[in-house]
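Copied over from Swiss-Prot:
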- Cys10, Cys13, Cys17, Cys45: [4Fe-4S] cluster binding site (BINDING)
- 3-59: domain '4Fe-4S Mo/W bis-MGD-type' (DOMAIN)
Amino acid sequence: MEFKIVNTICPYCGVGCGLGLVVKDGRVIGIHPNKRHPINEGKLCAKGNYCYQFIHSKDRLTKPLIKKESGFVETTWNKALEVIAENLKTYKDEIGFFSSARCTNEDNYILQKFARVALKTNNIDHCARLUHSATVTGMSACFGSGAMTNSIEDIELADCILIIGSNTFEQHPLIARRIMRAKDKGAKIIVIDPRRTITAKNSDIYLQIIPGTNVALINAMINVIIKENLIDKEFIKNRTEGFEKLKEIIKKYTPEYASKICGVDKELIIESAKIYGNAERASIIYCMGVTQFTHGVDAVKALCNLAMITGNIGKEGTGVNPLRGQNNVQGACDMGALPNVFPGYQKVEDGYKLFEEYWKTDLNPNSGLTIPEMIDESGKNIKFLYIMGENPIVSDPDVKHVEKALKSLDFLVVQDIFLTETAKLADVVLPAACWAEKDGTFTNTERRVQLIRKAVNPPGEALEDWIIIKKLAEKLGYGDKFNYNKVEDIFNEIRKVTPQYRGITYKRLKIDGIHWPCLDENHSGTKILHKDKFLTDNGRGKIFPVEYREVAELPDKDYPFILTTGRIIFHYHTGTMTRRCKNLVEEINEPFIEINPDDAKSLKIENGDLVKVISRRGEITAKARITEDIKKGVVFMPFHFVEANPNVLTNTALDELCKIPELKVCAVKIERI
């Protein structure tokens, strides 16, 4: 009887908790705490504790599938790859790729390289487009980098923690532990959220904002801080530019003015601003409740402005800290799984010559299409789509639009571990290994690169993602460009072409991981960014004054409620993995909609009633959950349940700067069934 513990990293959110997979007779049978891990110190959330339960699911894909008139039939790898290769040759100029935040750095690197080297296209994107593209665009403009500025451990050192648009206690529970430690030491916690979440219930001040009014509220806090002279004059003078213009624009954003927009008492705005402004070390934490709007970039810039004018950047216990929602969404961005940048955020238009030298081939010098653009162009300028580890028919806005787009393709390939809702539409389905069945690296929300380790073999004929892409490259005659014998070979190439990873090696990652940038093998990594200068062209932080703008779809007499969406503690994204975990399903396995008691009374809806939720794009059915935790006029639904997927209802309106959809707000009506 073989029995072993394999230390690896959790496959869910972006915290990057360490855990041990308990293996017996070639199967993972449980989780062993990794008490030495610097992030979670042996603790795990519910999802982490039961993450092993989907590994050996009977639903796992085990053989390649080709769709015939009668449905899917099993085939050989050789046949499947030949069919894909022939279609790639046919549609060479009309191809798009979706990469994946669930896959390793190595998997993402090799797919974006395959797209660019073998197909000469920059039409590659992944789900960061739907979550933190606003962060990358906004923070890069202000700071020169779109990543979390401080480490997770560092949060404990803050005197004030401003949490906006993040239910940290449910979605990043091990970061919430750090927040509570800071609170125990005297830190003040400010929470801004339309829902009175468990995070809000643990705050010192709670501002129950109307969804989509973040910019007005943040600007009002800045107004108070300037008026009360709580700014850091030396930091502004020596480290930033643009403050005078901000002062002018911010004058109209008085607490009284913002209160009418945000639905928050002006005294709470004033008190929050004073607490943040008076703190010696103030940290900002945010998530999708800031980014998933048509003005998401503006909200990110506003938060950066708030941090810069108070000098809360570049030192312990401070910073602007966007929490990543997926295990490797940071890494997928780092690897260049984006249409406008190569690995290391080197812009396509500026960096293509350099990568032509690296990869010894001609490259396309023009930026490619984003996910929303590829969806819109499906059946027109995009005829072939290759999707690795993404489920857009559940996760993307306006599901009917996505389904119609995917069905209009001439050829669709899906590479995944389960036959997802998206995979069911594919012409060819390729069975992939899950995270427990491969070696590689993930990069977590704080830029910490960590090793994941293979614990068991993939089921049946399933293969690691990078091996599948390598085999496909060989079919197209590009085997010499993908001559890797093991996954570490790919990482060594990543180091050469990605400046932030240059000093990181597998050997150095064996203990605690390393925060990028790590410039050489003697460098210990960088826990705090922007200590002495920003990563902008002149080293100064750029203050960008931003104005409040309304959301794309406001409630009206026909659709009087604002629907906002999100996650719950027991499930993850489209539910593909967590809804195959017995213990998590036992906690909750049915969709619901949260409704304020006053709204429920006016609609004659009682707790547990089935209701229809209807938008201009579709309708779904769910059980009513009556709660004072949701603001009047606002309703909330999680998007884990495909049988009542709120993305049937959501709007495809985009932030024009980063192309993120406005997933956090759409107008709906509710009818009792």
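Each residue, glycine too, has its Cβ placed from N, Cα and C.
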Handout entry: Within the predicted model, mean pLDDT of the domain '4Fe-4S Mo/W bis-MGD-type' (3-59)
Key = 96
Problem - Secondary structure content of the domain '4Fe-4S Mo/W bis-MGD-type' (3-59), with strand meaning DSSP E or B - result: 8 helix, 21 strand, 28 coil
Completion exercise
Excluding its own, the Cβ atoms lying within 10 Å of the Cβ of Cys13 ([4Fe-4S] cluster binding site) add up to 26
Exercise for the section: Specify the count of other C-beta atoms within 10 Å of the C-beta of Cys17 ([4Fe-4S] cluster binding site). Expected result: 28
Practice task
Look at the binding-site residues Cys10, Cys45 and tell me which residue has the greatest number of other C-beta atoms within 10 angstroms of its C-beta.
Solution key: Cys10
